[in-house]
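The structure under discussion appears below in the form of structure tokens.
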Amino acid sequence: MSAIKLGVPSKGRLMEQCFDWFAARGLTLKRTGSDREYAGAVEGAEAVELVLLSAGEIPRELAAGRIHLGVTGSDLVREKLADWQTQVADLAPMGFGHADLIIAVPACWSDVDTLEDLDAAAHAFRAAHGHRMRIATKYHRLLREFLAREGVADWQSVDSQGATEGTVKNLTAEAVADITSSGETLRANHLKILSDGMIHQSQATLFAARSADWAGLEAPFAVLCEQLGVAKPLL
Amino acid sequence: MASKAEARSIGQRLLAAFEAAGAVEVTPDILQPAEALLDLYGEDIRARAYVTADPLRGEMMLRPDFTVPVVQAHMAEGAEPARYAYMGEVFRKQDHRGAARVAEYFQAGYEVFDREDPEAADAEVFALFAKLLKPLALSATIGDIGLLRAAVEGLDTLPARKAALARHIWRPKRFHRLMERYAGLSPMPESRAALLAGARSDAPWIGLRTPEEMTARIAVLQADAATAPIAAEDVARLDALFALRCTADRAPAQLSDLGIAALAPAIARLERRLAALDARGIDLTALAFEASHGRATMEYYDGFVFSFETADPGFPPIASGGRYDALTRVLGGGREIPAVGGVIRPGLVADLGGLA
């Protein structure tokens, strides 16, 4: 018999909070086998199969329809999937894994607090240095869409997959667009958040894949949605 | 969707028509140097170019359009006046899904470099496109970024404010926010007020931007704060200009009625262009004029702009073009030549049933 494949993060606090969220709704998710083996089981629901995945891979697995449901950050879905609403349905925000995708600049820039300031500073910077103001990020799509919508010019993104807050001091970028929860790492690296630089407020979210094969799974999906207390989406 | 062979065949017919109109075919490389050229495009094309690394030539890109390489070739070796035509693929990454959103498509284009009579050249390009596209019964719209630039330049305020506004003509949201700021219609952010009152950060200086750059910007902000706001009636006139839409035959009178004195030379150019279009048989009473046409999408155009569209909103413009004098100045290293041109997408023409 086919089953609804549920993809959840395979390790760490995100996995534990995810297990807790389902447990509170009567579904016991657990890892099986040894600590290092990524196998899982579901108790308390018919026809649901657990798939443990890296949180970063879950958007792609949803888009490909290889899993039916998946838990991942709303930021990752927006960044990795073009026109994300056409590929996945947003079932429920889960209330954990909160992180804000923000734009931060050096705290020493007394004259820059808003996007209007950033745009003006970027224009003068380009004239003085011969290249656009560089913003280090791994969220290229979200940053580009945000700054295009806000009408900020004379910037370019540079790729940074880690230690992004250090790029300004290392002279490989002038500003950063990164996720933060407390802002402590930013402050430690002498950066400050633009007052209107909030790109996206992310949290762990349960998504359903539109392109997955739902044939024969409509009934168990309806039961599952009711058990989880979420509205069954049109897929 | 039409096959690539159909699109290519229509493209070849368009190319032949452009050559019959006096153009010489040019064939820019598909691989273009990325760093120097990408900087010339607006954010949109820049973000969508496919960039790759070449061991000998550094960063290269798949050409995202023809205009820049054609201008570059003309500035390097072209004689004047010149008419160029081209047909080939352009490549742009797509951020959105949808059948018409293809990453690789043909463009057939026609570009005129002629300093004798720019308005006649504008009319020549538009009328040629109108004749070729006639079987498709598209709706055409014209505009003129030069009017918007003249209106901004004519404002009675600081040169720094006018320069900031002119820079954002192509980004309507930022433009209007800046206008509200300069007109005193939006409250000053608290951080700006504190900065002007002398507040400074004691954080250690990091990064490539220098303290001198900050000092220079603070001086600009102080000069701005000491200047009277742009008059509310001037803001209203500009808003009326940006919102102006009418048929082309009525555009000069409607523009004059706005009462913006600085527009007079640009209106005279528009009248000459309209007379040249009329002389080429374009029905001005059936041609749409929109003052803001091309504002959000065509960054390197700085004068006349036009597009031909179908009623189906799922289609991008079938053809578009305009005047890009400033681009020739940037690429000409001190020299410049008035230039106007446009492209037709043969694949979309094929989708609509071909040229008949």
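Every residue, even glycine, has its Cβ placed from backbone N, Cα and C.
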*asked:* Of the candidates B:Arg57, B:Arg92, B:Arg97, which one does TrEMBL list alongside B:Asp65, B:Phe66, B:Thr67, B:Gln107, B:Glu111, B:Arg295, B:Tyr300, B:Tyr301 as binding L-histidine?
replied: B:Arg92
*asked:* With the L-histidine site defined by the record as B:Asp65, B:Phe66, B:Thr67, B:Arg92, B:Gln107, B:Glu111, B:Arg295, B:Tyr300, B:Tyr301, how many Å span the farthest pair of C-alpha atoms?
replied: 22
*Can you check what DSSP calls B:Thr67 (L-histidine binding site), collapsed to helix, strand or coil?*
helix
*Of these binding-site residues, B:Thr67, B:Gln107, which scores lowest on Cβ atoms within 10 Å?*
B:Gln107
_Restricting to the chain of B:Arg295 (L-histidine binding site) and a gap of 6 or more, list residues whose Cβ falls under 8 Å of its Cβ, or answer none._
B:Gly143, B:Ile145, B:Leu148, B:Ile169, B:Trp170, B:Pro172, B:Phe242
*Near the Cβ of B:Tyr301 (L-histidine binding site), how many other Cβ atoms are there if near means within 10 Å?*
29
